[in-house]
Every structure is written in structure tokens, then in C-alpha cells.
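Some notes on the structure that comes next.
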Amino acid sequence: MVKVGVNGFGRIGRLVTRAAFNSGKVDIVAINDPFIDLNYMVYMFQYDSTHGKFHGTVKAENGKLVINGKSISIFQERDPANIKWGDAGAEYVVESTGVFTTMEKAGAHLKGGAKRVIISAPSADAPMFVMGVNHEKYDNSLKIVSNASCTTNCLAPLAKVIHDNFGIVEGLMTTVHAITATQKTVDGPSGKLWRDGRGAAQNIIPASTGAAKAVGKVIPELNGKLTGMAFRVPTPNVSVVDLTCRLEKAAKYDDIKKVVKQASEGPLKGILGYTEDQVVSCDFNSDTHSSTFDAGAGIALNDHFVKLISWYDNEFGYSNRVVDLMVHMASKE
């Protein structure tokens, strides 16, 4: 089992750790966060307003974080180059600070003895992988990779199924997206993105997202055919993608439902879900899929023009894919 270090114990860092313990697929051996001391880590890991209390034991002991009896080394370095991952036995590092997202910055982890780095965010220059879509293109010459964004992980599997079966001529995506930590509780300064600084709990905020364009990086045939935007809405978690696209081959909406359902039960099982239930966002809280197609919510204008709806837990679904990507990478060692 691959030994993993986590840099940044925020929403994704903590939930990747939860996903690792829930699944037993990877071994968390070290955590680095300069802003959270050990006792605070215990508290933050144990109690979660969104996903509930951790079902297991967590305590501080001899300067280590102990989860379900397993000791985890704790570092508090600001500079990733100074983290002694090698000493802790960490082979892979999950870079989940949101700060070190380029090859150069994430590469600093290699200096401390890590063998590979998985960036839990989109990257300007690191190769991006989406499980179920292009993970087979990974080869072990790559030291630094990106797991793309939660929204790309929702959109890409759906876009792949639609494109493989009917061909996407072009498409526009909107994600109606839950609040994240970068937003403000009340109006405040936000650099050049003025709208992003408005109170998160009281506004629908139009925002940019690179998620749709990033699909073109993981599915090259769709490069230049998709773009999109986001609305940030006052919910704490779970988001939904609305993909409106023009199809090359004519398809009835029932044909689309059929191929998505088949994919969800076959090659994309566990990644792409399918539901015909009358669901709302809360129903996907703590769901581990990257994407769940909502058969009842989509509409067709005609046989070539459709609006497709897919839900995702933008925190927990994504965190589970980070774990799955590391398992896949380890299988290639």
C-alpha cells in the first residue's frame, strides 16, 4: 500500500485523510500544516459541520496524530522544500494547500524525499488526470500530476459518455456551486475579482471556472468545444453541473439516459452515478461519486440540442478520486 503525506489540512486535506481511512486503499503517514497545531488537528479531523463526526478514534499522542490506532507524523513547515517527507516514509504527497499548484512549486516536495506529488487542484502546467476519463494515460515517468478540479471531475465523465456515443459539436457548462473557503462571510476586499468578495451566504455570485476548458485537456477531441462559468450559491456543499450541448448524431433523450445508465453500471461504476429519483442537493452530501446524472432534470430541445444535469459532492467525491488516482499511480510503479 502506498505511503502518503498530506500538505495542507484544510477541507480537501482532511477529507482525503478521511477517504483514505474509510477505504483503506492508501496509508497516510504524515501531515504538514503550519497553521494548525496538533491538538487543533485532532479537533478539526474529528468534528465536521458538513460530513458529521468521524466514525473512529482520533487523538494526539507523543507529538503524533493517531487515527484508528495509526500514528501519523506531524510537520509545521511553511516551505514545502523543508518538509522531511522521506524521514516519515511518505512516497506520495497530496498537495492540498491550494497554493503550490505549479510544477515548480509542487516540485519542492521532491526535495524532502517525496517520490511523486498529486496536486488537488487544477494546474497551469502539470498533467491533469480525471479518473475514468484519461487516467490510463498516466505513466510513471511523471513525478507531478494534478487531479484537476471537482467540477472537471463531474463534467468530464459525462462529456466522455456523450461524446463517445453521440459526438459533442460544442457545449456550454454552468456549475451551480456551493460556497468554498476562498469566499467571504460578509462583503470584503477580493483583489481583482470584485464579485467574489461579496457575502457568500447572501448572494448568487457569477464567477469564472476553468473546469469546462480543462475537459479539453483530459479529452483532447473536445479541446476548444467547451467553455463555462459558475454561479456560487449559499449552500455549504454539493454542486451541480448543467451541460448544454449540440450533438453530432441525433439522439432521443431516452437514448442519452440509456447510455449514461450503462456507463454508470459498467466502465464508470463508482465514478459516474445515475438516478431517476426526485433528488435535491442535500441528497448527495458525502456521496463518493465524481458525478451523478440526474435523468429527471435534463431536457431536450430537439434530437441535437440537450441540457444535461449532473450532481457532485464537490468536497468528498473529489477527495475520494484523489485517493483513487494515487492507487492507480501506485499500480504502475
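Cβ atoms here come from the backbone N, Cα and C positions, even for glycine.
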Motif '[IL]-x-C-x-x-[DE] motif' per Swiss-Prot - which of 213-218, 225-230, 243-248: 243-248
Co-listed D-glyceraldehyde 3-phosphate-binding residue [Swiss-Prot; alongside Ser149, Cys150, Thr151, Thr180, Thr209, Gly210] among Arg78, Arg116, Arg232: Arg232
Residue from Ser120, Ser281, Ser286 that Swiss-Prot also lists as binding NAD(+) with Arg11, Ile12, Asp33, Arg78, Asn314: Ser120
Lys59, Ser120, Lys184, Lys192, Lys252 filtered to the recorded positions whose C-alpha is within 10 Å of Ser239 (phosphoserine): none
Neighbours of Ser146 (phosphoserine) among the recorded positions Ser120, Lys184, Ser331 (Cα to Cα, within 10 Å): Ser120
Modified residues listed as Ser146, Ser149, Ser239, Ser310, least Cβ neighbours within 10 Å: Ser149
Cα-proximity to Ser149 (phosphoserine), 10 Å cut-off, over modified residues Ser120, Lys192, Lys217, Lys252: Ser120
